[in-house]
Amino acid sequence: MSIPPVIFLPIFFYSSFVQAFNAPECIDKGQYFASFMELENEPVILPCPQINTISSGYNILDILWEKRGADNDRIIPIDNGSNMLILNPTQSDSGIYICITKNETYCDMMSLNLTIVSVSESNIDLISYTQIVNERTTGEMVCPNINAFIASNVNADIIWSGHRRLRNKRLRQRTPGIITIEDVRKNDAGYYTCVLKYTYGDKTYDVTRIVKLEVRDRMIPPTMQLPDGVVTSIGSNLTIACRVSLRPPTTDADVFWISNGMYYEEDDEDGDGRISVANKIYTTDKRRVITSRLKINPVKEEDATTFTCMAFTIPSISKTVTISIT
C-alpha cells in the first residue's frame with residue numbers, strides 16, 4: 001500500500017491563509033454626509049469619518065485608504081491613518097475615497113466624495129465659504145477648513161488678502177486665521193482670501209481658502225411700552241395694553257402674557273374665560289406696531305400679582321406690570 005505524500009505548507013502561507021479565511025466581512029456604512037470641494041494643485045486632507053464614532057472599547061489595528069476604481073499611489077496616510085493627504089491634486093483626483101478601519105474581529109468602511117476644481121471667477125461661489133455678520137456689530141471672519149493642516153501648530157502662518165477693506169483699522173487679525181471686524185459696515189461684504197503655509201517633508205505648500213462675507217441689515221431691537229404698575233379693585237373690568245414697536249428687518253413677533261407659570265395668548269382663554277388676550281396690528285412704511293391687551297373681567301383677589309408681556313422675536317423683549325388691588 002502506497003502512502004500518500006505529505007504536503008508541508010510554509011508557515012507564512014498557512015498564517016496568511018487562516019487570516020484571509022477568518023477575516024470579518026467589512027460593513028459598508030455608506031457615504032459621509034459632507035462632500036469636499038478643494039482647489040487644484042493645493043494640498044488636500046480628508047478625514048476618516050468613522051473614527052470619531054468608534055466606541056472607546058474598539059481596538060483599531062489598521063486604517064486603510066483607497067480610491068474607488070483607481071490606484072492608491074496618490075494617497076498619503078497621515079496622523080496614523082486617521083487622515084489622508086494628496087499633495088498636488090489635479091482634477092483627475094476627483095472621485096470617491098474609502099476609509100477602512102478593522103481589527104481581528106471587526107471591519108467597517110465609509111466613503112467620501114472629493115471634487116477638485118480650478119480657481120476661476122466662474123466657480124468662485126462653488127469654492128467659497130459663506131460667512132455672515134450683522135451690520136453695526138462686532139463680527140468675526142474665520143479662515144475655514146484648515147484645522148487638519150495646523151493641528152498643534154497654534155502659530156500657523158496665515159495671510160489675508162483680496163479685499164481693500166483689509167487696510168481699514170476696524171479689521172484686525174488678533175488670532176491666527178481670525179479677523180475681528182469692529183462696527184461692521186455694508187461695504188465690508190465681499191470676497192476675502194486667506195492662505196495658510198503648510199509644510200510637509202521639506203517643502204512648503206499654499207493652502208488657499210476663499211470667504212464670501214455677507215452683511216445682514218442692522219438689527220434694531222424692538223421697543224415695548226407697558227406701565228410698571230396698575231391699581232384696580234375687586235369686581236372691576238381691567239384692561240392692560242402692551243405696545244410693541246418693530247422696525248425692519250424685524251417685522252413680526254409673537255406677543256403673549258405670562259403670570260405665575262401660566263401663559264395667556266390671543267384666542268386662548270383660561271378655564272372660565274375671565275382672563276383673555278386680544279392683539280391688534282398696524283403697519284406703516286417705517287415700523288410695525290403690535291398692541292396686546294390683557295383683559296381681566298372681573299378682577300379677583302388672586303390677580304394681585306405680576307403679569308409679564310413677552311414679545312418673542314429677534315431679539316426678544318419683555319416687561320412686567322404689577323397689579324395692585326385696593
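One is the number of the first residue shown, and numbering goes on along the chain from there.
Every residue, even glycine, has its Cβ placed from backbone N, Cα and C.
Sequence annotations record features per position, and here Swiss-Prot assigns signal peptide to 1-18 based on sequence analysis. The feature domain 'Ig-like C2-type 1' is assigned by Swiss-Prot to 24-115. The disulfide bond annotation in Swiss-Prot covers Cys48-Cys99, Cys143-Cys194, Cys242-Cys309. Taken from Swiss-Prot, the feature N-linked glycosylation site applies to Asn80, Asn103, Asn113, Asn237. Positions annotated as domain 'Ig-like C2-type 2' by Swiss-Prot: 122-208. According to Swiss-Prot, the domain 'Ig-like C2-type 3' annotation covers 221-322.
Where Swiss-Prot records a feature, it is marked here on the structure.
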residue	record	contacts (Cβ under 8 Å, 6+ apart)
Cys48	disulfide bond	Ile63, Trp65, Gly81, Ser82, Asn83, Met84, Cys99, Thr101, Met110
Asn80	N-linked glycosylation site	Ile63
Asn113	N-linked glycosylation site	Gln31, Tyr32, Ser35, Phe36, Gly95, Ile96
Cys143	disulfide bond	Ile158, Trp160, Gly177, Ile178, Cys194, Leu196, Arg209, Val211
Asn237	N-linked glycosylation site	Lys295, Ile296, Asn297, Pro298, Val299
Cys242	disulfide bond	Met224, Gln225, Leu226, Val255, Trp257, Thr291, Ser292, Arg293, Leu294, Cys309, Lys319
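Within 10 Å of the C-beta of Cys99 (disulfide bond) there are 26 other C-beta atoms, taking all protein chains into account. Taking all protein chains in view, 25 other C-beta atoms sit within 10 angstroms of the C-beta of Cys194 (disulfide bond). Of all the recorded positions listed (Asn103, Cys309), Asn103 has the fewest other CB atoms within 10 A of its CB. The predicted model assigns the domain 'Ig-like C2-type 2' (122-208) a mean pLDDT of 89.
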